[in-house]
Structure formats: structure tokens, C-alpha cells
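Q: Here it is: the structure, laid out below.
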Amino acid sequence: MTKYIFVTGGVVSSIGKGIVAASLGRLLKNRGLKVTIQKFDPYINIDPGTMSPYQHGEVYVTDDGAETDLDLGHYERFIDINLNKYSNVTTGKIYSEVLRKERKGEYLGATVQVIPHITDALKEKIKRAASTTDSDVIITEVGGTVGDIESLPFLEALRQMKADVGSENVMYIHTTLLPYLKAAGEMKTKPTQHSVKELRGLGIQPNMLVIRTEEPVEQGIKNKLAQFCDVNSEAVIESRDVEHLYQIPLNLQAQSMDQIVCDHLKLNAPQADMTEWSAMVDKVMNLRKTTKIALVGKYVELPDAYLSVVEALKHSGYANDTAIDLKWVNANDVTVENAADLLGDADGIIVPGGFGQRGTEGKIQAIRYARENDVPMLGICLGMQLTCVEFARHVLNMEGANSFELEPSTKYPIIDIMRDQIDIEDMGGTLRLGLYPCKLKPGSKAAMAYNNQEVVQRRHRHRYEFNNKFRSEFEAAGFVFSGVSPDNRLVEIVELKEKKFFVAAQYHPELQSRPNRPEELYTAFVTAAIKNSN
């Protein structure tokens, strides 16, 4: 029988529910249990694919092409699993499906209501996420906080699950903030008490509290919370601020969180062996070297827009016993005149993806600076496309060369819309999304990065591609197409072989990087940057 764990939040949002859920997932996986995890987002968008990065941070893409919340990146990195489209559910997605069924007459003339139709659809998503992965345990995080009007159908569905599958198969974990008032010199439990009261008013009694705090929590505070919130005192778990996120699973294990969960759900599983994870954390805390990487992006005011990129750089740094000193460079600020001033102290330059015209000329100048000064450079998605545009302009002398996306009237459309995208009108969910194979060119830097594999599978999110009409001219000038689709039609990786490291990929390698298993192309880039700093 599948076990269901529901993680809710109270007092404030962005409290770290996703990290707690991911950390618990890691502990349970290391007990030998098969774990999956999902995120409920109460917003009305179908998915975050068309949302501004300033509003939502990065869009995380799964193997099967779902555009999802960035928390799924935390889930995959912590638990080291590949999630699917059932791992992110939004209000918009649920209502869209229910309304589509109503139009088809599948409700046989019934009045369609929040209860039972919306709640049934939500419960079906929970069960489907578990069944498609054949999991022993599914962890479901509900975005936002208890009391948000948008969350009510989600919480009602969670309440009903207890009756549907039995109380012994369901556990509710509530995460809250425990504020410390310096003036009073004490922690205040009242916000948590009121949050739990609100949750209980909706029919959910939490079995465990996870309290986010900056300071150590005395046992007396835990006992008080246990008494007023009707949970066992040992089930009041402290989640204190840490230097590195990857410390959190170890901190939770030290408080027997996973054992309490297993006892409640009657899961007979051995103790979690966290030896490898602990060794990784110890290494992360004691890195001996540092290298500076300039990230040239258009959303640098919000680092969450590049969360997976940053994590992938860190992972590759760990593999090299090196801390990444990240320099955020706003692409709008980069010009041919000041590129050296902005980028001259960087050991490596990364140009990540993005959409729209703003900042693209600055990215092109950053790529030009890297090429002309032989600074290790990694381009991702739009960064790859602009790498091709930069080469066309400044090496092939194609004045005004551009991407058709950015300048439809350009004489040299180096990047063009994919053929199967031409007649698509909707923006959401219509990109080339998910896992696709990439055939590597033997002897190339890309092939060497991937240990001379013939084919790698990586995740994509794009609508435009390199225009093959220009391929022969590029190759004649020494531009190497080192990765292509198996049918040789779509360019996946480009590089300049004579440079220290000048490689750009159409796909998003960062989405498959893990702290104990860094992505190979990122590692090759970081290794080149480290060598460049010596």
C-alpha cells in the first residue's frame, strides 16, 4: 500500500517547505524505499511556462516535457530521481481538465462543483503520481500558506485522502516560522499556534511540525508547541538556517524525523545510510580553491531565475574541490567598449538561456569577448543561439546577422523557427520540451566532456534552431557542430576546438546535474575555468 505524506505551510510563504520535503524524500530513499514527490501550486496558470522569471524564478523541465515549478529542481537534486508531468499540479491545470470533461459530457449532466469534482481531480493526480512510478511513498507539497483562499480545494483534497486510503497510510507535516524577537529575547509560538488552528479548522490535524528558525529551539518551546498543537513533542522538528542546503537532510535525520515518519506510517525500513551524503557535505564545507565565473543574464536581479544553472556550477565545483565565486553581470550593461571591464576578472563566462530581445546584444558582446580573449565560455539555449550569431557577425562578416526570433527581417537568419513550430499560435506548452537524444562528434570537446559517449539524452526548452542553410559556411571557418540530433537535422552543440573551452548547447544540461553526480558539460567548463585561473 502506498503511503502519502502531505507537507503544508503556515505563517509565511517561502519558508522552505520544498527543501524539507526534498530532504525527507532523500532520507526515505536511503532507507531503501521508492519515493516520488509532487508540488501543488494554487495559481490559475496552467503551468509556469509563460510566467515571467521575475514572478516565478526558473521554469524546471522534466524528462517528459512538463514545464514546472523550480521546487522540482530541489526535489530531483536532493532525492536524485527523475520526475514526470504528474509532479506539478496547478489550479489552472485542474480546472482546465474538469471543464474539458464537462464540455464532453463526461459528468452526465451533473452540476460540476469544487466538491466533489475538483477535489476528486486533485486526488486522482496524487494517486497517479504514485502509480506511474510504483512508489512506496509519495510526498505532496502544497504551495502557499494555510489560509490562502486559493489553497482551500487542495487542502480539502488532502483531508479527504485520509478517509480514502486510511489514517495509517497518511501523514500531515506542517511547516511554520518560529520568529525570534531580539528586543524581547524570546521565540514566539503564537503564529504557529494560530496556523495550526487554521489548519485544524479545515479538518487536518498535523502529525508533525517542522519549525523554521534562526536560533536553536529549547525543549520547553517544543513542549509548548506540542501541547497547544496536539502533536507529540518528539514530532516537533527544528529546521535551523544552515550554511549549505545539503546539510538539512543530516540535521533532520539527527532529530529522527525519518524514523518518526516510518513509525507513523508503519514502514518497516532499515536506517538511512547517509555516509556518502555526509562525505559530500563535509567536502562542500571545506573546499580548498576558488574560481570566478561571470554569469551574463537578463534576469540577474532575481537569482532564482538561474537556480539550476547556479547549482550545476556548484556541483561541478565540488567535483574539483573548488568554490564558485559567481559574478552576476546584467546583459543589458555589456557593450563592446566595457566588456573587458565587466568580464576581465572572470576565469570563465556562462551565458544562459532566456527569451525576448532585451539583453541579447550584451550577451553577444560577452560571447565575443570570451572568443577573442580565449576565456572559457559555456552557452546554454539562447546562449548557444547567440554564440552562432556572434560568429556570423564577427568572423563570417555577415553584417546584421541575427535570430529570426529577435529580428524577423534580418538578411542572415542564423537562427530560425523550427519547422514544426511555424503554425503554432499558443505560447504555453508548445515549445520543444523534454528529453531528446544528442549524437556527439568523436574527438570534439563535447564528446570528451561526456567520456566519449556516442549519444547523450538531455532536456530541452526551445522553439528556434540553427539554420542549416548556413552550416557549410560555418564549418569552413572552423566552427564545429559537435552535437546533432540522430537524424543530423537539428544542431545541439557547437564549439571552437582551438579555444581552451568555447562550447554552447541548445539543451539545458543543468537540469540533470546532481550534487553527487555533476553534469559532465558543466564540469568540463568549470575545469577549464579553474585551469584558466592558474
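If you go along the chain as it appears here, the first residue is 1 and each next one adds 1.
Heads up, the Cβ atoms here are built off N, Cα and C, so glycines get one too.
Below are the features I grabbed from Swiss-Prot:
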ACT_SITE  C381  active site, nucleophile
ACT_SITE  H508  active site
ACT_SITE  E510  active site
BINDING   S13, K188, T189, K190, P191, T192, Q193, K224  UTP binding site
BINDING   S13, D148, I149, E150, K188, T189, K190, P191, T192, Q193, K224  CTP binding site
BINDING   S14, I15, G16, K17, G18, I19, D71, R240, D241, V242  ATP binding site
BINDING   Y54, G354, L382, G383, M384, Q385, E405, R463  L-glutamine binding site
BINDING   D71, E141  Mg(2+) binding site
DOMAIN    292-534  domain 'Glutamine amidotransferase type-1'
REGION    1-267  region 'Amidoligase domain'
Q: Identify, among the binding-site residues G18, P191, the residue whose Cβ has the fewest other Cβ atoms within 10 Å in this structure.
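A: Output over binding-site residues G18, P191: least Cβ neighbours within 10 Å is P191.
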Q: Are there residues of the same chain, six or more positions away from D71 (ATP binding site), whose CB falls under 8 angstroms from its CB, and which are they?
A: G18, A21, A22, K39, Y60, E141, G143
Q: Counting across all protein chains present, how many other Cβ atoms fall within 10 Å of the Cβ of I149 (CTP binding site)?
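A: The answer is 8 other Cβ atoms.
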Q: Do me a favour and check the Cα-Cα span between G16 (ATP binding site) and Q385 (L-glutamine binding site); whole Å is fine.
A: 35
Q: Cβ atoms within 10 Å, counted per site: which of K188, K190 has the most, among these binding-site residues?
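A: The largest 10 Å Cβ neighbour count belongs to K188.
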Q: If you count, for each of the binding-site residues E141, D241, E405, the other Cβ atoms lying within 10 Å of its Cβ, which residue has the minimum?
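A: Comparing Cβ neighbours within 10 Å for the binding-site residues E141, D241, E405, D241 has the fewest.
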Q: Within 10 Å of the Cβ of T189 (UTP binding site), how many other Cβ atoms can you find? Include all protein chains, please.
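A: A 10 Å sphere around the Cβ of T189 (UTP binding site) contains 20 other Cβ atoms.
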Q: Minimum Cβ neighbour count within 10 Å among the binding-site residues G16, G354, G383: which residue?
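A: Relative to the other binding-site residues in G16, G354, G383, G16 has the fewest Cβ atoms within 10 Å.
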Q: For C381 (active site, nucleophile), which residues of its chain lie six or more apart in sequence with Cβ-Cβ distance below 8 Å?
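A: Correct list: P352, G353, G354, R461, H462, A505, Q506, Y507, H508.
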Q: What is the one among the recorded positions K224, R463, H508 whose Cβ has the most other Cβ atoms less than or equal to 10 Å away?
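A: Selected residue: H508.
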Q: Out of Q385, E405, R463, E510, point to the one nearest P191 (UTP binding site) in space (Cα versus Cα); all of them are recorded positions in the record.
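A: If we rank Q385, E405, R463, E510 by Cα distance to P191 (UTP binding site), first place goes to E510.
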Q: Can you tell me which of the binding-site residues K188, K224, L382, G383, Q385 is spatially closest to D241 (ATP binding site)? Compare CA atoms only.
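A: Its closest listed neighbour, by Cα, is K188.
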